[in-house]
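Heads up: the structure comes next, in structure tokens.
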């Protein structure tokens, strides 16, 4: 017995047996595949199993898998199908990924994230949205400025009208005051509003003809009885109703 070559011959025989067995199994598998899928002489081709219509365009493994196989559906993702369909139809604008994915390094991104990052950027979308908000605010500011300008025009018109009315009233009062002063110098009778020429409102009280207005007792002792000067107005002794009556009578006169 050859002990020196026993190990080599045993290992070589095992390798040959294994190679022959694998080759035989491979030939049987190829023969089975030819009989089931690639034999044009059989009339039962495709009667038992329904294959995809695009099997010529697909890979050999997909070509051998029937449509009703559930394992193939589990492996493929519906998002991948949607992406392929959108890319095939030319609609490459996909919704943006979550904002947290932009903080990741580029090596960890998948192809889908890269496509999304190229086609639609949330930064660009936010920029457009903020620009729209700024434009709306500018339009609103212009609208408010227009309202303020219109209100200012109305206020200016009212101010000019009030100024004209004040000047008209002051002119009419000054004319009446001159006439009243001329009549007071001759008849010492009161008519119209008292002016500074007749009753001056100064520090220390009322003044009448540049003299302080005193009480009725002082006036009586100096100027005589009250009946002699019935047309004079004694504001300190008269009541409010009497003053109003005197003023109304002076207006009518």
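Indices start at 1 and increase along the chain as displayed.
Note that Cβ sites are derived from N, Cα and C of the backbone, with glycine treated the same way.
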Looking at 1-20, 141-160, which one does Swiss-Prot call region 'Disordered'?
1-20
For which of the residue intervals 210-231, 232-253 does Swiss-Prot record region 'Disordered'?
210-231
Please report the three-state DSSP label of residue 18 (phosphothreonine).
helix
Taking the Cβ of residue 18 (phosphothreonine) as the centre, how many other Cβ atoms fall within a 10 Å radius?
10
